[in-house]
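Everything on this sheet refers to the single structure shown next.
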Amino acid sequence: MKSRKYTVSNQSVDYNPAREILRGVSWSIFMRWVIRFIGVISTLILARILSPEDFGIAAMGSLMIGLLFSITESGAASLLIRTKEFDQAHCDTAWTISLLQNIIVGLLIVILAPMAAVYFNEPRVIEVLYILAVAVLVGGFGSIGPTLIRRELKFDLDFRFNIYKKLSAFFPTVGLAIWLGDYWALIFGTLIGTILSVLISYIIHPYRPSFSLARGLEYLHFSLSIIPMQIAYKLHEMAPKFIIGGIGNASVMGNFTVSSDLATSFTHEIVSPIGRGLYPNYARLMDDRTQLTEFYIKILGTIILLVVPMGAGVSVTSADLVATLLGEKWNRAVPLVEYLAFSGMLYAITFVMYNQILVAAGRERPAAILAWIRLFITVPVLWLGLSFEGALGLAKATVVAPLIYLPLVYLEVRQVVNLSILAIAKISWRPILGAVVMYLSVELFHLESVDWAILRLISDAMFGAGVYTITVVGLWVLSGRPQGVEHMSINLVRKKLNKVRMDWSTKCSSNKV
């Protein structure tokens, strides 16, 4: 493709932290929930066509690719976003490094495919990995334009790109599932989606790459600091699935993988977009610790207010949730979802506490050490859980492990922001108590006599949301209406209602005239 100069833009002089953080987070959350809606539709279709074994085989291939990408991670995108002054050479070098990474990973996949088949005790994974290696190679030619979009805080374009990317995999995968009826639909759907995503990346942004390593030393220095952390992050994320995969049963692997995705998706779809919106803004707030602390506590409080009831809600409605979204052949997933929902909740809180802020602060080395300590704590706990109760024990262990290392996360975060135990207690006790009341209320008043699972699920969700909201607001009022997330949320609702009321009054006045 012919190279074309892209005019880079550095920090805007009228940058407003509050506005840009709210704007970035809002766009990102909206994007992730639209993507999640597409994912739910995909799950509703695919889970009824494909078996747990099909999902298990596809998950084995994805795990290998994720592991290899984490080992070869360069952090090019993160550095491009964080660098205050950059030029065309930075863009071209980032693209070149990403391309080289994909080429290396693609070759490693081909070489290691037979070994992966031995570990998973699944010979079919060899051919799966060969096809996925092609997808990885193709993906390497994608533009870094989407990264530049995030750097420029153009979150509306980021939204469009990621929605197009999701749809480019959704339609081929569903179509192939109806046609083929087995795991190959997931594999070839990934390949087709990757090809289309590469094309979209060039349509969505004017940047055109040139092969260059002019800024290679800068990226190498950054990579040496971030690679250890990225490897630990990825290994920690994949540890439960790798451990369950070692059993050598594709069906068990599929049940656990889909259960994990279902149980944690609701909380992950909150924190993942917030991370996307926060990182570039955190990087710009590092010179003002007071302002950084203020925003950090607000963000953490917001996350706790949202994900605690979400984790409890998914857990208490796990039976009807699985029956509605996956169908009867996935009944073994119910007890797994029940515990993995709380695991997802704790992961979300931990993610927001330190994942973005430490890297934005330039504390890659301490973050890497913390990530490895977290991994060394988690793996033995997971093995113990699996040894005692199999897949269910592993699910329970994913809840225990975060409780052990959370104090270490807190101590490291205090090096960047002025976060006290009292501040955490102030923003968390009402959501936690509200979630407990909600969980017990839904269990007590569950409409077991209703025949349809989807009606029971909707009823429990609406009732639980109402109980949680009333409890939290009630506790907030009894506490003297302190400044905080609840106060901010209620003011936001009031402003929206006042705006609607004014618009309605204006419309009525116009009609009378």
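Each Cβ is built from the backbone N, Cα and C atoms, and glycine gets one as well.
The following features are taken from TrEMBL:
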TRANSMEM  33-51  transmembrane segment
TRANSMEM  57-81  transmembrane segment
TRANSMEM  93-116  transmembrane segment
TRANSMEM  128-149  transmembrane segment
TRANSMEM  161-180  transmembrane segment
TRANSMEM  186-205  transmembrane segment
TRANSMEM  295-316  transmembrane segment
TRANSMEM  336-355  transmembrane segment
TRANSMEM  367-386  transmembrane segment
TRANSMEM  392-411  transmembrane segment
TRANSMEM  423-442  transmembrane segment
TRANSMEM  454-478  transmembrane segment
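A contact between the transmembrane segment (336-355) and the transmembrane segment (93-116) is absent, since fewer than 3 of their C-beta pairs, 6 or more residues apart, lie under 8 Å.
The stretch with the most CB contacts under 8 Å to the transmembrane segment (186-205), chosen from 33-51, 128-149, 454-478, is 128-149.
Counting only same-chain residues 6+ beyond the ends of the transmembrane segment (128-149), those with a CB under 8 A from a CB of the stretch are 6, 8, 57-58, 60-62, 64-65, 76-77, 80-81, 91, 94-95, 98-103, 105-107, 109-110, 112-113, 116, 155, 157-158, 161-162, 183, 187-188, 190-191, 194-195, 197-198, 201-202, 204-209.
Proximity of distant same-chain residues to the transmembrane segment (392-411), defined by a Cβ-Cβ separation under 8 Å and at least 6 residues beyond the stretch ends, is recorded for 240, 243-244, 256, 259, 335-336, 338-340, 342-343, 346-347, 350, 353-354, 370, 373-374, 377-378, 381-382, 384-386, 419, 421, 424. Beyond the ends of the transmembrane segment (423-442), by six or more residues, the same chain brings 297, 300-301, 304-305, 308-309, 311-313, 315-317, 410, 460, 463-465, 467-469, 471-472, 475-476, 479, 482, 484-486 to within a C-beta distance below 8 angstroms of the stretch.
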